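Peer 1: Here's the feature list from Swiss-Prot:
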| type | residues | note |
| --- | --- | --- |
| BINDING | HIS17, ASP167, SER168, LYS169, ARG232, PHE233, ASP241, ARG247, LYS248, ALA264, LYS268 | ATP binding site |
| BINDING | ASP19 | Mg(2+) binding site |
| BINDING | GLU45 | K(+) binding site |
| BINDING | GLU58, GLN102, ASP241, LYS272 | L-methionine binding site |
| REGION | 102-112 | region 'Flexible loop' |
Amino acid sequence: MSKKNFLFTSESVSEGHPDKVADRISDAVVDAFLGADPYARVAVETLVTTNLIVMAGEVRGPASVNAALMDELARHAVKDIGYEQDGFHWKNAEIINRVHSQSADIAQGVDAAGDKDEGAGDQGIMFGYACNETPVLMPAPIYYSHEILKSLAEARHSGAAPQLLPDSKSQVTLEYRDGKPVRATSVVVSHQHVDGLSQADIKEIVRPHVKNVLPEGWMPAEDQFYVNPTGRFVIGGPDGDTGLTGRKIIVDTYGGAAPHGGGAFSGKDPTKVDRSAAYAARYLAKNVVASGLADKCVIQLSYAIGVSKPLSVYVDTSGTCKVDEDKLAVVLQQLVDLSPRGIRTHLGLNKPIYARTAAYGHFGRSPDADGGFSWEKTDLVEQLKKAF
């Protein structure tokens, strides 16, 4: 997004979107394993469709996290999201579990042995991004898309909007002038609802949530404010569309405002650099912007399976850097050990902190007291300032 004047659009989906239901179940399993053993290995994929949940993947961890417990975790996740519909109900959905032991070939590449440092769990590239468009240093379109759906979900869970059901999507288009967002030119919200309500009814339920989230004066013209454009959205969730873990990687990150390496997050323990290195890249980029060294920052990391150190570290501030970018890349690597183990140790990732990340974005969230969203901390700011 280097042009000065343009329109840019991002979307979000709610916790009840089929793909997010799958993400939530997969991350509930990750949390169960890490809660029982901080060094457990987990790679679990979930498929959800009409009254069916399928889990498959590879794990290495305590026997206490067995098929019965995983089934219970899946039902609890679906119940917490709010699905009690004929076509998808937490109580009576069929569950097929095909989770099995991790490959010994993968384990030997990842495990530390003797004087050999623990290697990355796979090859790959990961990106992190931050910009000063919002207080949480996230791009504005994805930030407001998330906030609209979070507000609606809170109203649904609290009982303030009982007409709403779990599945929903949002899309926000912002106008940028001189590189800064100035207003919303269009907003789209599609929200599942109980039968018997008109499109106009849902629009009036949704309207105050959009208006309260957007800055004053940013509400789009009425003919550019779309709510349930098809007119009806009663059948939804996994009963309407099949969901899979890892299919909302742009929603999970920066809404298309920054590159993506292609690896999904949910269902993976933090030895998987798809997840942990993407968190580290966000952490570094956010601290660069929070320190005032740049207005925006993209960081790319790359890894090879079984190799502990990153193969490359790339920093790009789109010409906004107030210091030398090459030196910045060196300093960042001095401040944080970017080996898989170094990242997990620095950010405290071997904890059951992942189910909460499964909806409304992995980034732009507030760090939790128990270590959740640790990659959103800005505790490198003073060290970065001193380095320059």
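Heads up, the Cβ atoms here are built off N, Cα and C, so glycines get one too.
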Peer 1: Write out the long-range same-chain contacts of LYS248 (ATP binding site), meaning residues 6 or more apart in sequence whose Cβ is under 8 Å from its Cβ.
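Peer 2: Set apart from LYS248 (ATP binding site) by at least 6 residues yet with Cβ under 8 Å, we have VAL13, HIS17, ASP19, LYS20, ASP23.
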Peer 1: Of the binding-site residues GLU45, GLU58, LYS272, which one has its Cα closest to the Cα of SER168 (ATP binding site)?
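Peer 2: Out of the listed candidates, the nearest Cα belongs to GLU45.
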Peer 1: Please give the L-methionine site's span as the largest CA-CA distance among GLU58, GLN102, ASP241, LYS272, to the nearest whole angstrom.
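Peer 2: Per the listed residues, the maximum Cα distance equals 30 Å.
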Peer 1: Out of GLU45, GLU58, GLN102, LYS272, which of these binding-site residues is nearest ARG232 (ATP binding site) by C-alpha distance?
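Peer 2: Spatially nearest to ARG232 (ATP binding site) by Cα position is GLU45.
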Peer 1: State, in Å as a whole number, the widest CA to CA span among the ATP-binding residues HIS17, ASP167, SER168, LYS169, ARG232, PHE233, ASP241, ARG247, LYS248, ALA264, LYS268 given in the record.
Peer 2: 36
Peer 1: The residue listed as 'K(+) binding site': which of the binding-site residues GLU58, ASP241, LYS268 have a C-alpha within 10 angstroms of it?
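Peer 2: Of GLU58, ASP241, LYS268, within range: GLU58, LYS268.
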Peer 1: So, three-state DSSP: helix, strand or coil for ARG232 (ATP binding site)?
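Peer 2: DSSP assigns ARG232 (ATP binding site) to coil.
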Peer 1: Going along the chain, which residues six or more apart from ASP241 (ATP binding site) have their CB under 8 A from its CB?
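Peer 2: Expected: PRO18.
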Peer 1: At the Cα level, what's the spacing in Å between LYS268 (ATP binding site) and GLU58 (L-methionine binding site), rounded?
Peer 2: 10
Peer 1: For the binding-site residues listed here, ASP19, GLU45, GLU58, which shows the highest count of neighbouring CB atoms within 10 A?
Peer 2: ASP19
